[in-house]
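Asker: Grabbed the feature section from TrEMBL, which reads as follows:
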DOMAIN    5-128  domain 'Dihydrodipicolinate reductase N-terminal'
BINDING   10, 11, 12, 13, 14, 15, 99, 100, 101, 125, 126, 127, 128  NAD(+) binding site
BINDING   43  NADP(+) binding site
DOMAIN    131-264  domain 'Dihydrodipicolinate reductase C-terminal'
ACT_SITE  155  active site, proton donor/acceptor
BINDING   156, 165, 166  (S)-2,3,4,5-tetrahydrodipicolinate binding site
ACT_SITE  159  active site, proton donor
Ligand SMILES: NC(=O)C1=CN([C@@H]2O[C@H](COP(=O)(O)OP(=O)(O)OC[C@H]3O[C@@H](n4cnc5c(N)ncnc54)[C@H](O)[C@@H]3O)[C@@H](O)[C@H]2O)C=CC1
Ligand SMILES: O=C(O)C1=N[C@H](C(=O)O)C[C@H](O)C1
């Protein structure tokens, strides 16, 4: 297989560490450098807890792109940084694979237009885990028959964004197959603000944050006399890595921005 050269932004994070391991272990991936919030000028091997790789650490993504000229940027940072990094990658002709969450629908449409104008492929994957993609696909199918649905997403308490990217993507997929529908009692009141969760076209999303959790989601459907629950659990971050690998391999042949791995995994 042809070698693919990579930059990883966010290498010291939970996901970034796994992605560095993935790059090390995949024979046709070559990690050229990493982009961090600190450690400018160091080598990765000089940072505690990081693998002994003799590659440079940058804090300036533009400088990194100019000096390293990678094929692909993997971004696993924060919502604000992810947005800036994606735009910069498109400007430099580097294909972005963005696992970072917190993108709005407007962001995605604007960035897709830019990717198409530049003819640079890009992937934003709110969830790289195959089981989570299946959970979303199954939920979309179930919603055709059982349109009353609530989404419960549960994550570790270091997560910055709520609701999760996965919950928002799930709601989007469900809204593609059902009419907007106000759920619950038509006259229900929220006596404590937020009690009914966030609302997307009448669907409710509830976000739980607790130490001990990793990434979990239940999609609950209700109909007369029955309920259906579709649940996915990521119990560690290795669960996301096959999706990262597939995204890196696929983004090279794209000329647009793909939002969600369900468009890549048939
Ligand atoms: N798509 C998916 O399957 C998954 C996505 N995520 C998302 O990935 C992102 C990262 O998650 P975690 O690794 O758990 O977070 P984390 O907080 O453990 O790691 C984020 C890292 O990014 C670094 N960072 C922040 N801004 C940066 C910048 N401008 N340049 C370079 N590095 C920067 C931070 O210093 C930190 O080391 C989040 O948005 C999360 O929602 C997390 C798990 C799975
Ligand atoms: O922050 C996380 O951890 C995760 N974020 C993604 C999301 O917001 O959906 C994917 C997964 O749920 C883990």
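Placed from the backbone N, Cα and C atoms, the Cβ positions cover glycine too.
What you see is a predicted model, and the numbers here were worked out from it, not measured in a lab.
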Asker: Work out, from DSSP, the number of helix, strand and coil residues along the domain 'Dihydrodipicolinate reductase C-terminal' (131-264).
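Answerer: The domain 'Dihydrodipicolinate reductase C-terminal' (131-264) comes out at 44 helix, 39 strand, 51 coil.
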Asker: Tell me the residue counts in helix, strand and coil for the domain 'Dihydrodipicolinate reductase N-terminal' (5-128), as DSSP assigns them.
Answerer: 50 helix, 27 strand, 47 coil
Asker: Pull out the recorded positions from the set 12, 14, 101, 126, 155 whose C-alpha sits within 10 Å of the C-alpha of residue 166 ((S)-2,3,4,5-tetrahydrodipicolinate binding site).
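Answerer: Checking each Cα against residue 166 ((S)-2,3,4,5-tetrahydrodipicolinate binding site), the hits are 101, 126.
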Asker: Find the shortest Cα-Cα separation between residue 101 (NAD(+) binding site) and the recorded positions 43, 155, 156, 159, 165, and name the residue that gives it.
Answerer: 165
Asker: Determine the Cβ neighbour count for the residue listed as 'active site, proton donor': the number of other Cβ atoms within 10 Å of its Cβ.
Answerer: 15
Asker: Write down the Cα-Cα distance for residue 43 (NADP(+) binding site) and residue 165 ((S)-2,3,4,5-tetrahydrodipicolinate binding site), rounded and given in Å.
Answerer: 32
Asker: In angstrom units, rounded to an integer, how far apart are the Cα atoms of residue 156 ((S)-2,3,4,5-tetrahydrodipicolinate binding site) and residue 12 (NAD(+) binding site)?
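Answerer: If we compare the Cα positions of residue 156 ((S)-2,3,4,5-tetrahydrodipicolinate binding site) and residue 12 (NAD(+) binding site), the gap is 17 Å.
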Asker: Can you list which of the binding-site residues 10, 14, 128 have their Cβ under 6 Å from some atom of ligand 2?
Answerer: none
Asker: Which of these binding-site residues has the least crowded Cβ, counting other Cβ atoms within 10 Å: 14, 101, 166?
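Answerer: With the binding-site residues 14, 101, 166, fewest surrounding Cβ atoms within 10 Å: 14.
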Asker: Residues near the (S)-2,3,4,5-tetrahydrodipicolinate site, 156, 165, 166 excluded, by Cβ within 8 Å of the Cβ center?
Answerer: 101, 126, 127, 153, 155, 159, 161, 164, 167, 215, 217
Asker: Going by Cα-Cα distance, pick out whichever of the recorded positions 43, 155, 159 is nearest to residue 99 (NAD(+) binding site).
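Answerer: Closest candidate to residue 99 (NAD(+) binding site), judged by Cα separation, is 159.
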